[in-house]
């Protein structure tokens with residue numbers, strides 16, 4: 001029997017069929033090799049968009065810098081970065097006029113945050129450029145290294161633990177004539193192995209002191225390391241992203257705090273909220289535009305796309321915005337906030353690893369590091385690379401490139417949103433002073449513009465005016481990639497609006513399935529994804545039930561844990577059958593131990609262990625939830641964990657799931673190969689750091705855990721806490737007298753050791 005596919009949709013409103021257009025089934029593309037070429041592309045493009053600006057030389061670093069601000073206005077539709085200071089300031093003034101007190105209040109909120117933020121705020125985030133080692137590191141390690149170097153150079157304000165005091169050290173460090181740092185290096189020796197009598201290469205890790213003069217230090221402090229953005233779908237070419245170092249991070253954080261506070265108060269801003277809250281906020285703006293348009297008026301919506309948003313933004317413009325926003329505030333506050341844009345105006349982009357060369361016969365390979373690009377003969381490169389290098393040479397200093405104009409990806413998302421909204425704000429009739437008016441939505445570089453006018457000419461005029469107003473502040477709406485529709489149908493930040501936002505369930509498809517963390521987490525994440533999609537994405541009960549069955553099937557194949565009474569033979573089936581036969585209450589076995597699946601769409605919110613606890617044999621309970629089980633490198637788990645799920649589009653999302661610690665919550669061991677490299681010292685530091693933090697959390701369970709303020713160190717805080725807890729436990733009879741005495745003795749020993757040190 002033939003089925004006509006159109007019949008499937010007879011009862012379905014057209015907008016609900018969006019999930020059937022899903023193109024992203026396979027793995028997303030990842031980048032290999034170096035990002036050097038992509039970074040050079042970014043730098044060259046950025047300079048091209050601002051080429052009519054003024055060239056200057058930075059007196060401290062000697063870097064050549066291009067300043068396009070207040071440059072000539074473009075005469076064509078090509079993207080350009082010539083923002084006009086007075087236009088930006090005026091847009092800010094009108095934004096404030098429409099929202100009385102918005103800047104004032106946001107400044108007060110930010111000042112409060114600045115007073116309270118601790119320096120460990122900077123340990124959040126993934127890879128960070130570590131200027132002491134000149135490469136990327138996890139954020140916590142990079143921060144620890146920076147503080148260690150600061151202290152050994154006599155900068156000690158950071159010891160208070162407040163972020164603002166750490167930033168005082170950063171400012172002071174820039175005035176120092178030299179900074180002494182410790183770097184890791186490795187020595188290789190050929191030695192004979194006693195056992196096998198073969199020659200082996202032995203690596204030893206050394207640390208050596210190195211002095212950086214003021215110029216070298218400034219270059220490192222202003223450096224953004226670059227990498228290639230991975231897993232981007234729908235693009236032919238990869239592109240570069242940047243990670244700033246610890247000197248810049250803190251200042252950026254405070255600027256973004258201020259901008260976030262402003263965005264929260266702007267109804268057109270798609271940041272900082274997300275999910276359903278964002279949809280509600282946006283639906284409001286659309287509703288407002290549709291209800292306010294008189295019956296005779298036309299209303300059109302542009303699904304907007306901006307050309308090279310980051311590369312045409314300018315830190316100098318952000319400085320002007322901050323200067324205006326904070327104009328009646330105390331001097332110290334204005335200074336703290338203006339440092340980030342000033343540093344970005346003088347930023348250097350690190351070119352990454354450099355180029356790899358292979359000989360024709362593929363026998364020889366050699367790496368040309370970025371530092372050599374200034375002097376190497378260009379005959380070895382192909383035409384396009386040669387052009388790139390020629391363009392970039394005047395800007396090169398020690399393997400970094402001077403990049404004054406432009407903002408690298410994702411640095412000032414909130415502040416650039418404020419700029420975008422300020423242009424949307426100018427669409428009110430009292431500002432356009434004519435028959436057309438506009439409003440819209442802005443979220444970083446993505447926008448939707450709603451224009452109302454009595455006739456088509458008016459709509460066209462409104463769009464033109466918006467386009468030209470944007471040009472004045474360095475925003476380039478792409479005429480090729482933006483399209484216009486009757487209001488009621490548009491797309492914004494991958495939300496599709498058609499008389500209300502349409503659930504695009506297919507976006508979530510890549511996050512269904514088995515994550516591959518461990519048996520316990522995978523089960524929990526799998527059912528949570530299904531539950532969340534029933535709540536947020538119109539996943540109906542029948543489809544959810546099907547998704548659940550498919551997930552269980554997938555899970556059993558992944559972990560080879562088919563039911564104990566199945567005929568399927570796998571490596572594990574022998575053991576699982578034995579367990580099945582020994583178990584009295586078979587319903588109590590976890591799926592990963594060959595048990596049956598008890599999940600249905602009504603109980604997805606219950607962790608599997610809790611769901612089956614009452615059904616388990618007693619000895620099975622004892623084995624499963626036993627922290628002393630010697631065969632398991634056991635991981636303690638907070639009651640809620642975070643998993644990273646990948647939707648098809650947009651950034652990886654963090655999703656909470658319930659975690660019950662069982663013997664299935666194992667962690668795979670770290671790959672050995674890292675232990676032989678110069679990373680090893682860093683790894684050990686990191687583990688020590690981790691252990692200290694874990695220990696500390698033991699003493700201060702998160703409910704009662706306030707970071708020790710004042711001078712007491714972590715150790716002192718833990719010792720005093722141990723004494724208090726021990727006394728309470730002793731007096732209430734929870735511990736014996738001998739145990740109490742032993743705890744007190746250990747505490748005294750620790751204090752004694754500290755005094756000796």
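The backbone N, Cα and C atoms fix where each Cβ goes, and this holds for glycine too.
The region 'Disordered' annotation in Swiss-Prot covers 56-78. Long-range Cβ contacts of the region 'Disordered' (56-78) within its own chain (Cβ-Cβ under 8 Å, at least 6 residues beyond either end) map to 47, 49-50, 84-85, 214-215, 218-219, 222, 314, 316-317, 345-346, 348, 394-395, 397, 402, 404-405, 471-472, 479.
The motif 'Nuclear localization signal' feature in Swiss-Prot is assigned to 187-195 (among others); the stated evidence is sequence analysis. Counting only same-chain residues 6+ beyond the ends of the motif 'Nuclear localization signal' (187-195), those with a CB under 8 A from a CB of the stretch are 201-204, 206.
Annotation source Swiss-Prot lists motif 'Nuclear localization signal' at 203-216 (among others). In the predicted model, the motif 'Nuclear localization signal' (203-216) has a mean pLDDT of 89.
As annotated by Swiss-Prot, region 'Promoter-binding site' applies to 249-256. Note: the region 'Promoter-binding site' (249-256) comprises 8 helix, 0 strand, 0 coil (DSSP; helix = H, G, I, strand = E, B).
Among the features that Swiss-Prot reports, domain 'RdRp catalytic' is placed at 286-483, with the record citing sequence analysis.
When the motif 'Nuclear localization signal' (187-195) is classified with DSSP, helix, strand and coil residues number 0 helix, 6 strand, 3 coil. With helix defined as DSSP H, G or I and strand as E or B, the motif 'Nuclear localization signal' (203-216) counts 3 helix, 11 strand, 0 coil.
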